[in-house]
Amino acid sequence: MTSTLNRLLETFARIGATPDGGVCRLTGTPEDGGARARLAAEIVSRQLGLLVDPIGNMFGVAALAPSSQEAVIVGSHLDSQPTGGRYDGVYGVLAGLLAVEAVAARAAAEPGKAKRNLVAANWTNEEGARFQPSLTGSSVFAGTLALDAALGLADGAGVTLGEALAAIGYRGTADLSLAPRRYVELHVEQGPLLEEKGVEIGIVIGCWAARKLSLVFHGEPSHTGPTRMARRRDALRAAARAIELHHCLVELGGSGAHASAARITVDPNSPNVTPCRVQVWFEFRHEDAAVAVALGDRFLAEARAAVASLGVDIEIAVDERRGTATLDPHGAALTAAVARELGFSAMEMKTIAGHDALALNKRMPASLIFVPSHNGLSHNPAEFTDEAALDKGLAVLTDVLWRMVTEE
Ligand SMILES: [Zn+2]
């Protein structure tokens, strides 16, 4: 028998569905608007107070303890990558909503127990696929990204996030006035560890560090036919050298780091002009921030040396360093206790992927709970977690939230 959670996931998987079984719901598109409208209806139908803030974050407020100015927040994101799966983000939003509903029902049945309020959230532009940087709505909420700067982020066509949100009716005016006490997020792991170890619940205690470098390779436009080879200053050839070098540094270095060069723009991108300006987004991720930084330094030095003979210069457009973080130890202890009581196996782990919980952890103690991802696949239409595993995550989340709203 399919649970309410899995039926809701089915419903949302049809919004922005792609022919290969995945979803594409980029921030501020009609598909994002459709998912938001459906979530708003689900919030209202559960008698929760619906709020939309100026960066489009959506909240469903359960006033469990009206005399309290505090709230525990639970949430994730409805936006997806272009090759998104059916669980990334939306699982945490829908499980969060159902957990809030269940905790509210229990609070009504046990009056006086709840000491603070509970809020279900959908954070804007977690993925950063259409607008960079990622984690936009949660960073604005955490106070680490200015609202005006966030609204002014432009996509590849020059449309700003503010314009895109207004176009779908989700540039709100409300603010969540309750003081956030704790945040909890439930998410699919997006990696292989839980499945490999046969463990049902991942208790995320911290995150890997990342260094993200966006480099611009400056060459010179010239005709691809008559220009002599030695005369060419080909920025794409230089970028190709750097990309291979970047991967080799990680593969041969034995550091255990992860590396990617996953986005590239080529100008003028004509078959008959040698590329004169190429921008590539590189990243290194490692458990130790110092290793990620050192890999970036070594890569920059070696890349400059490798492309010098091509007459190409490298400009650093972005050098973003994300440090490691420790998530809420109290939330981790509660999650471990609840998993034990419910009879689910659990293990502590670190997240390599970014999550809203990491952005929000800068303002409030934040917790992150994982369920297994089949084959570790994510950002892929074949992303899959079975129904029973999804329901176990919801069961853990619900009891963790109950404890957080009722404890002293
Ligand atoms: Zn996600």
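Heads up, the Cβ atoms here are built off N, Cα and C, so glycines get one too.
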Practice prompt. According to TrEMBL, Asp88, His379 bind Zn(2+) 2; so which of Glu31, Glu42, Glu127, Glu341 is the extra one listed there?
Written response: Glu127
Practice prompt. Let me know how many other Cβ atoms fall within 10 Å of the Cβ of His187 (Zn(2+) 1 binding site).
Written response: 27
Worksheet item: Cα-Cα separation of His187 (Zn(2+) 1 binding site) and His379 (Zn(2+) 2 binding site), in Å?
Response: 13
Fill in: Inter-residue C-alpha distance, Glu127 (Zn(2+) 2 binding site) and His77 (Zn(2+) 1 binding site) (nearest angstrom)
8
Discussion item. Quick check for the class: what is the C-alpha distance, in angstrom and rounded, between His379 (Zn(2+) 2 binding site) and Asp88 (Zn(2+) 1 binding site)?
Written reply: 8
Worksheet entry | Under 8 Å by Cβ from Asp88 (Zn(2+) 1 binding site), counting only residues of that chain that are 6 or more apart | Ser80, Gln81, His187, Val188, Gln190, Ser378, His379, Glu383
